[in-house]
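Single-structure report; data block below.
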Ligand code: URA
């Protein structure tokens, strides 16, 4: 079964409070999401495998550690996921970035993929799929389906705020994908917003309504 990790680091929790606050404007909201994404990337990469490398320091020969194993890929779910990309790239600048765009069909209410572009070597990469909000789980489930369909074998899903309904749906659909969140909120309201949440993450990031 998938593990759900809640990052309770004080800096993440402090910044998340200002992200939630409706009086936080677009510029500050964007900066805070960026900072929290960096802090979460630090935590999420904690288990990456290392390998030894021979180097020459100015003093002597030495054996030291570098990242081993799979190359990394970041995949934001459009559009709000874009707000988390730069923050992760601050720590992992060599990561490739794919994009997945989904909209909800007004009749079936199911997510429909309208855009996907991924690095060519999908099966060799370790992917961090990102979306600030895990609400019903529909988009995250569909995006993970898309990644797997194209050969991805190693995926972590990272979001700022999750609803229990979304966590349940996602972990049941993808028990092999661990979920990393900054906060697990109370519930979804009748419009599908996370409560207490932060409102519409895309609108707050991009200053739209
Ligand atoms: N998407 C958002 O942006 N906010 C929510 O509360 C739920 C889904």
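Residue 1 is the first one shown; counting continues down the chain.
Cβ coordinates come from backbone N, Cα and C, glycine included.
Straight from TrEMBL, the features:
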type    : residues                                                  : note
BINDING : 79, 104, 131, 132, 133, 134, 135, 136, 137, 138, 139, 200 : 5-phospho-alpha-D-ribose 1-diphosphate binding site
BINDING : 194, 199, 200, 201                                        : uracil binding site
DOMAIN  : 6-208                                                     : domain 'Phosphoribosyltransferase'
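Taken in sequence order, the binding-site residues 79, 131, 137, 139, 200 that lie near ligand 1, meaning a CB under 6 Å from one of its atoms, are 200. DSSP assigns residue 194 (uracil binding site) to a strand segment in the three-state reduction. Within 10 Å of the C-beta of residue 137 (5-phospho-alpha-D-ribose 1-diphosphate binding site) there are 24 other C-beta atoms, taking all protein chains into account. Using the Cβ center of 194, 199, 200, 201 for uracil, the list of other same-chain residues with Cβ within 8 Å runs, in sequence order, 132, 133, 193, 197, 198, 202, 203, 204. Here residue 79 (5-phospho-alpha-D-ribose 1-diphosphate binding site) comes close to 101, 202, 205, 206: these same-chain residues lie at least six apart in sequence, with C-beta atoms under 8 angstroms from its C-beta. Checking each of the binding-site residues 131, 133, 135, 137, 139 against residue 200 (uracil binding site) by C-alpha distance, the shortest gap belongs to 133.
Checked against residue 194 (uracil binding site) by C-alpha proximity, the binding-site residues 131, 135, 137, 139 yield 135 as the nearest.
For residue 199 (uracil binding site), the spatially nearest entry among the binding-site residues 131, 135, 139 is 135, judged by CA separation.
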